Amino acid sequence: MTMTQSDRRYHITTFGCQMNKADSERMAGILEEMGFNWSEDPNEADLILYNTCTIRDNAEQKVYSYLGRQAKRKQEHPELTLIVAGCVAQQEGEKLLRRVPELDLVMGPQHANRLEDLLQQVFDGNQVVATEPVHIIEDITKPRRESKVTAWVNVIYGCNERCTYCVVPSVRGVEQSRNREAIRAEMEELGRLGYKEITLLGQNIDAYGRDLPGVTATGRHLHTLTDLLYYVHDVSGVERLRFATSHPRYFTERLIKACYELPKVCEHFHIPFQSGDNELLKAMKRGYTHERYRQIIEKIREYMPDASISADAIVGFPGETEAQFENTLKLVDDIGFDQLNTAAYSPRPGTPAAIWDNQLSEEVKSDRLQRLNHLVSQKAADRSGRYLGRIEEVLVEDVNPKDPTQVMGRTRGNRLTFFKGNIEQLKGQLIKVKVTEVRAFSLTGVPIEKTELVPLF
Ligand code: SF4
């Protein structure tokens, strides 16, 4: 079997977070460089890759059911190549091969850039498991990106924190920052290709640069996220910058000031708080208090009163009392998030909290989740209200899947916005839109002018 046959087709199914999506785009880029073509239908593909996630139980179950179907197909089509990548691969390793012997390759997230080497071993007739920690080699591959307008750029891999509910440190390894020249070069290439918005990505992006050499006279690391923003903000063609995910423990006023000063950095902050109760934050080993979290938001609002704030929160963590849960409700009520990703705690194998004996019942967890979600929608609707009648800049990304006469995009504050228009003409453009309708998590408006004319896609 040769690896450059152009009639070979691949399909990737991605579960989970933005890091996984970015990894999938890179692996798709590698496969295309190798001569594979995308197949929309997995059943037509010669190579299937599941990029997996362990955070939610149902994602993990889905992987097994998809995999089971393809393993059956492989019994009739032995030339089919089956790959499991991502967090389930990292966590289960060899065990996956025992459970699904039809698998050809099991690879952890740190190995994404090595896909071609690993596949070479598979095509040489081996069953391969690649889950050992590696030093991530600088990424010279070209990702196949889903969007032509917005892109993610990894700036740091891994996480050195030890939050007691989280599998990331054990599956993604220790923090490894990319050097700023490589990040800028990737962004310049994206700018040349016509991308308008870039989100810098890391599981704990505030840790960026801690592992890179160099400190200032006062002992501060030379290459922090703040320094990186100043270093990359003028990349030509790129109009908007975002970054995620922030950790309250490391969020600095210097960073807030940079976001205020740099016009391309959007006034949108995603800072997970997880719980509004100090005892629980301690049990989660998050390393901050709700008071500290509130101070950060206050500081952001001092500099940028209109900034939008989003976060992640967990309810039903082991031992959470009703009063402790109410502290989370109180924080949500006081802050007024523009958006909040909520989840009922679900024990992940290999994490400390999974084996504690003070787990809560599913009823309690789902009741709390519902109550929190109810409050979140109310608060998000309040926050949306401020947009009514305002003129917002929207970066047009796509057609509204529910109404083909409308296009959709995001405001700088990350609100999804719809308005009438032709996607062929508007894709990738920044359009001023007057907001005429507001809902909790989206807006509708009318375009008032084009802020610029750019080549259409
Ligand atoms: S900081 Fe985020 S990625 Fe790191 S251990 Fe905590 S929850 Fe997981």
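In case you wondered, yes, glycine gets a Cβ from its N, Cα and C as well.
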[4Fe-4S] cluster 1 binding in TrEMBL involves Cys53, Cys87; of Cys17, Cys159, the partner in that site is Cys17
Cys17 ([4Fe-4S] cluster 1 binding site) sits from Cys163 ([4Fe-4S] cluster 2 binding site) (Cα to Cα, rounded, in Å) at a distance of 17
The rounded CA-CA distance in Å from Cys53 ([4Fe-4S] cluster 1 binding site) to Cys166 ([4Fe-4S] cluster 2 binding site) is 12
Should one count Cβ atoms within 10 Å of each candidate's Cβ, the binding-site residues Cys17, Cys53, Cys87, Cys163, Cys166 would be headed by Cys87
Close to ligand 1, in the sense of Cβ under 6 Å, among Cys17, Cys53, Cys87, Cys163, Cys166 as binding-site residues, are Cys163, Cys166
Cys159 ([4Fe-4S] cluster 2 binding site), Cβ-centred 10 Å count of other Cβ atoms over all protein chains shown, is 22
Around the recorded [4Fe-4S] cluster 2 site (Cys159, Cys163, Cys166), other residues with Cβ within 8 Å of the Cβ centre, ordered by sequence, are Glu161, Arg162, Tyr165, Val167, Val168, Pro169, Gln203, Asn204
